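Chemist: What follows is a single structure, and I will ask about it in a moment.
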Amino acid sequence: MFHGTVTEELTSHEEWSHYNENIREGQKDFVFVKFNGLHLKSMENLQSCISLRVCIFSNNFITDIHPLQSCIKLIKLDLHGNQIKSLPNTKFWNGLKNLKLLYLHDNGFAKLKNICVLSACPTLIALTMFDCPVSLKKGYRHVLVNSIWPLKALDHHVISDEEIIQNWHLPERFKACNHRLFFNFCPALRKGTTYEEEINNIKHITSKINAILAHNSPVLIVQRWIRGFLVRKNLSPVFFHKKKQQEKIIRGYEAKWIYITKGYEDKLLKDLFFKPETNIKGKLAYWKHNIYYPVDLKNSSEHRKHVSSILCELKPKDLGMKSKTSRHLIQKGQESEDEIVDEKLDTSFRISVFKLPIYTSGSLKNNAVLREKKQHFFPAYPQPIYTTHPKPIIKKDIRLERSMKEFFAPQRAGMKLRTFSDIDKYYTEQKKQEYHKEKVRVVAMAQVARERVRVAVNEHLNQKKYATQKLIEENKETIQNSLRQVWQNRFNYLEKARERKALFLKEKSQKASERLLVQNLNNERTLLTRGLLKIDRLEKNEAVLKEKSLIVKQKLKAEKYRKNLLKEMKKVRSQEIYKRHCEEKFVMDMIAFEKACERLQDAKTKVAIVKTNLDFKVPNGLIK
């Protein structure tokens, strides 16, 4: 509708005012939310998601789950790997009536009392609490299993009957936490999962838990056996009763009618009752899954009533004078021309028996018309071909004829009764003619009634056609008016859109010119500023250079002064060292002279002593 960049003027338009409200309204339709490992701390945004069914908030920093109170349609809730330390009260869990799977493992729960509030959850099937501090407490599993009644699985194991029923010691197969009861219903999360996949996963987990319980729960196994026994016990009289009733019906109709079975149920019953050696369970299972009704039963019964109303008038009033010759056999594949009004089909076991109508010569002439009517009211549908057992052709009982001939024989008591026989034949023929006339009259009445019905049907069809055409014309006119209104609204909308677009483009061009002027001024100001900055930079550089040169000169002067000072200090130091050296040399010489004097004196003393010693010790004879 708008072209160009979205600006503040567009976002403040009245058509954009409900944008945020629409977003909030759209959150009500969310059914699947998955925020895994996003370091979230709050769930406040889920308060408006009232249609949420699957919620995955694992591996975050969630501490409060009260915002989920409005999500009453939750089926699966995954909160593992968070920092939850306490659960809401029973009112919160009582509102989650559809919650089946709850994942709370790897959290900070520490008290069993706080966990017991989950007993208010009415449909909770599977729960995980492992890797929590509370799972290390003694009796943790016993308390949870006996507090949450609908619970079927807890922490990778399905709940056994030994954990529920007190003081019941079972074999190893049915004990708690057996390997047969192991089921990991919290697999690792996969990326890109959809809502349908999550729902299918929930169904798979539920069915798997039920299957494990069905095969490893003694209570359920015994219940299944008892139900099977009761069902077989209740159904056995039905089978025996139906078999006896079938035999009675067969014996009763062996001398009267040949019945035709229609429908898949009758074929099944015929196989069950006539062939006892067949597989009854297989037949029942096949009938259960493959039963087929090609036409609506109620509609078929209503259609048959129209035909039966015409055929009922073809029957003679005196039922006692029905001719046995009108009863004929129906071969395989042949269908009766008209049928008696059908009763509503019952889904229970029964044998369908249809009586054959009686026809006269007049009624058989209109066979094609009746067949067309039958095809109109009973459309042809593909039906399975049923096997009919051939029946022996019933022969006419001629005992009465034989007795009449014997009575009218001339040998009877020597009396000729030929005249009476002729009179009796005359009256018989007269009755037959009257009976035939009555039948012709009934057929004529039926034809008149059929013609009347045909005219009424045609009138009804014409009225329906006229009403339909009138309704179609009215609908066309309404559609045309609606289309004109739609086109007019669209034209008005386009005009308003064009006006708004022109106004928007005008404002846009004006703002573009203003923006260009501002840009030119900014460019000139920028150039001036750059020149001033360049001059300031040059002046600063010159000042810096002068300062640096001055510093260098001062450093050179200081260096020269330092060198001269070092030279003078070296000279003074050398003089002092020389003077000290001379003094030390004089002192050393004096010390050496004193030592030499002392040595000389010692030597003189020793010499004197030696001399004195020699004077006393030398014998006189040795002295010259």
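Backbone N, Cα and C define each Cβ position, glycine as well.
Quick paste from Swiss-Prot:
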type   : residues : note
COILED : 553-614  : coiled coil
DOMAIN : 132-179  : domain 'LRRCT'
DOMAIN : 215-244  : domain 'IQ'
REPEAT : 51-72    : repeat 'LRR 1'
REPEAT : 73-94    : repeat 'LRR 2'
REPEAT : 98-119   : repeat 'LRR 3'
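Thinking about packing and proximity, how do these listed features fit into the structure?
Modeler: Mean predicted confidence for the domain 'LRRCT' (132-179): the pLDDT average there is 89.
Cβ atoms under 8 Å from those of the repeat 'LRR 1' (51-72) belong to residues 28-45, 78-85, 87-88, 92, 95-98, 103, 189, 195, 198-199, 202 of the same chain, restricted to positions at least 6 beyond its ends.
Within the same chain, residues 50-66, 100-110, 114-115, 117-122, 128, 186, 198-199, 202 sit at least 6 positions outside the repeat 'LRR 2' (73-94) and bring their C-beta atoms closer than 8 Å to a C-beta of that stretch.
Outside the repeat 'LRR 3' (98-119), and at least 6 residues removed from its termini, the chain residues within Cβ reach (under 8 Å) are 53, 58, 72-90, 92, 125-134, 137, 139-140, 143-144, 147-149, 155, 185-186, 202, 205-206.
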Chemist: Tally the residues of the repeat 'LRR 2' (73-94) by DSSP class, grouping H, G and I as helix, E and B as strand, and everything else as coil.
Modeler: 5 helix, 3 strand, 14 coil
